[in-house]
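Asker: Per Swiss-Prot, the features are:
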- Asp248: active site, proton acceptor (ACT_SITE)
- Lys270: active site, proton donor (ACT_SITE)
- Asp22, Val23, Leu43, Ala44: NAD(+) binding site (BINDING)
- Pro225, Gly301, Gly302, Asp303, Ile306, Thr331, Ala332, Met382, Gly411: S-adenosyl-L-methionine binding site (BINDING)
- Ser128: phosphoserine (MOD_RES)
- 1-204: region 'Precorrin-2 dehydrogenase /sirohydrochlorin ferrochelatase' (REGION)
- 216-457: region 'Uroporphyrinogen-III C-methyltransferase' (REGION)
Amino acid sequence: MDHLPIFCQLRDRDCLIVGGGDVAERKARLLLDAGARLTVNALAFIPQFTAWADAGMLTLVEGPFDESLLDTCWLAIAATDDDALNQRVSEAAEARHIFCNVVDAPKAASFIMPSIIDRSPLMVAVSSGGTSPVLARLLREKLESLLPLHLGQVAKYAGQLRGRVKQQFATMGERRRFWEKLFVNDRLAQSLANNDQKAITETTEQLINEPLDHRGEVVLVGAGPGDAGLLTLKGLQQIQQADVVVYDRLVSDDIMNLVRRDADRVFVGKRAGYHCVPQEEINQILLREAQKGKRVVRLKGGDPFIFGRGGEELETLCNAGIPFSVVPGITAASGCSAYSGIPLTHRDYAQSVRLITGHLKTGGELDWENLAAEKQTLVFYMGLNQAATIQQKLIEHGMPGEMPVAIVENGTAVTQRVIDGTLTQLGELAQQMNSPSLIIIGRVVGLRDKLNWFSNH
């Protein structure tokens with residue numbers, strides 16, 4: 001992060017703009033909207049500045065830049081078409097420990113100004129760090145269309161209710177659940193937009209007096225195979241509402257960066273052949289946190305119901321009477337194959353797909369005879385350590401040694417790596433790869449050279 005986003009309180013504080021043209025005028029509007037006590041210095045001014053000065057909204061200082069104008073300032077903006085003058089303003093401000101923005105020269109500035117979506121008191125700022133103002137503007141336009149104009153009224157009304165809500169609800173968790181109900185209540189939003197005081201009061205009283213469910217809950221969320229862009233919208237909503245997020249090592253850092261900042265994070269990383277935290281203990285963590293009345297998200301790589309032990313975890317919650325729900329995720333087989341250019345089914349090569357775990361509970365045995373049949377695709381999860389055995393068993397049961405195979409490491413991530421070969425090479429290929437990896441076996445692998453679209457490291 002090159003810039004720390006902050007919101008400045010400038011009301012009745014001295015600010016300086018050097019420049020009297022159109023660019024300076026746009027900056028002046030923002031500072032005036034923020035209530036700043038504004039001085040503008042330039043050799044000449046466009047008419048808007050004169051109009052503002054005549055209305056007593058700002059002070060004009062006509063003439064060359066004088067560094068003493070900065071002596072009482074909190075913030076300055078250099079907005080002239082003279083690079084040397086802008087640099088001089090910046091250096092003078094720096095010497096006085098005053099933040100200074102230099103228009104169109106972010107490297108010379110000590111702060112930059114973002115694109116703003118104004119739903120006062122709710123404010124959203126978008127910045128590209130000065131590298132691409134056009135991109136920031138396009139993002140702002142998209143956000144403008146997503147955020148209702150009356151959102152500011154809802155935020156302002158919430159501010160008026162804070163004291164009462166604090167008295168009504170004893171804990172932070174209860175208050176947060178109330179606010180979540182209020183902010184998604186369409187009737188209240190519409191009543192505020194229409195200034196319908198009777199409806200506002202009725203809806204508010206109903207929301208405040210409606211009993212809250214003090215039980216916690218657990219939401220099982222599939223994080224997808226790695227690329228944060230593959231996290232579902234509902235999954236994103238859940239991790240941003242969670243009090244506690246229990247996650248494993250298959251959840252990428254990019255996805256964890258989307259978690260609500262003040263949520264507790266509990267790492268229970270697991271890998272094939274080694275469990276950092278025993279499954280029974282994970283079950284108890286979920287139960288314990290939910291019994292405290294917290295909203296718990298169990299965040300799992302891929303899909304929680306495909307080799308994710310989601311069923312085992314939910315059985316514990318069900319037996320204890322804890323409410324739960326499930327948000328599916330894109331499973332590794334689907335994500336890794338798509339990002340590797342390998343269709344799992346194809347009219348000419350595969351009419352079915354089998355998803356198989358590479359390690360079983362002690363004493364488990366696969367139906368190798370059926371797995372060795374043609375016209376299907378096999379996908380082995382967590383099979384890297386058993387690759388040589390998989391190779392041997394499939395060949396023993398009749399699968400041709402030249403059957404195409406691929407191993408996908410860190411599928412869908414920028415560090416994705418894919419190697420392919422034949423079944424007779426599977427054990428050898430596996431020694432070149434690291435976990436997490438997925439093994440794909442079938443004629444469809446032969447289409448990879450033609451259909452691969454994602455970079456291969």
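These residue numbers are counts, starting from 1, taken along the chain as shown.
Cβ atoms here come from the backbone N, Cα and C positions, even for glycine.
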Asker: Considering the binding-site residues Val23, Leu43, Ala332, which residue's Cβ sits among the greatest number of other Cβ atoms within 10 Å?
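Answerer: In terms of Cβ crowding, the pick is Ala332.
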Asker: Tell me the Cα distance separating the residue listed as 'phosphoserine' from Val23 (NAD(+) binding site), rounded to the nearest angstrom.
Answerer: 19
Asker: How long is the line from the C-alpha of Asp22 (NAD(+) binding site) to the C-alpha of Ala332 (S-adenosyl-L-methionine binding site), rounded to the nearest angstrom?
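Answerer: Asp22 (NAD(+) binding site) to Ala332 (S-adenosyl-L-methionine binding site), Cα-Cα distance: 53 Å.
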Asker: If you measure from the Cα of Gly302 (S-adenosyl-L-methionine binding site), which of the recorded positions Leu43, Ala44, Ser128 is the nearest?
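Answerer: Of the recorded positions Leu43, Ala44, Ser128, Ser128 has its Cα closest to that of Gly302 (S-adenosyl-L-methionine binding site).
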Asker: Ile306 (S-adenosyl-L-methionine binding site) to Asp248 (active site, proton acceptor): how many Å between their Cα atoms?
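Answerer: Asp248 (active site, proton acceptor) has its Cα 15 Å from the Cα of Ile306 (S-adenosyl-L-methionine binding site).
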Asker: Report the member of Ala44, Ile306 (the binding-site residues) whose C-beta atom has the most other C-beta atoms within 10 angstroms.
Answerer: Ile306
Asker: Spatially, and counting Cα to Cα, which of the recorded positions is closest to Leu43 (NAD(+) binding site)? Options: Ser128, Pro225, Asp248, Ala332, Gly411.
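Answerer: Looking at Cα distances from Leu43 (NAD(+) binding site), the smallest one goes to Ser128.
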Asker: Tell me, how many other CB atoms lie within 10 A of the CB of Ser128 (phosphoserine), whichever protein chain they belong to?
Answerer: 16
Asker: If one measures from the C-alpha of Asp248 (active site, proton acceptor) to the C-alpha of Ala44 (NAD(+) binding site), what distance in angstrom results, rounded to a whole number?
Answerer: 62
Asker: What are the non-local neighbours of Pro225 (S-adenosyl-L-methionine binding site), defined as same-chain residues 6+ apart in sequence with CB under 8 A from its CB?
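Answerer: Result: Gly301, Gly302, Ile330, Thr331, Ala332, Ser334, Gly335, Cys336, Tyr339, Gly411, Thr412.
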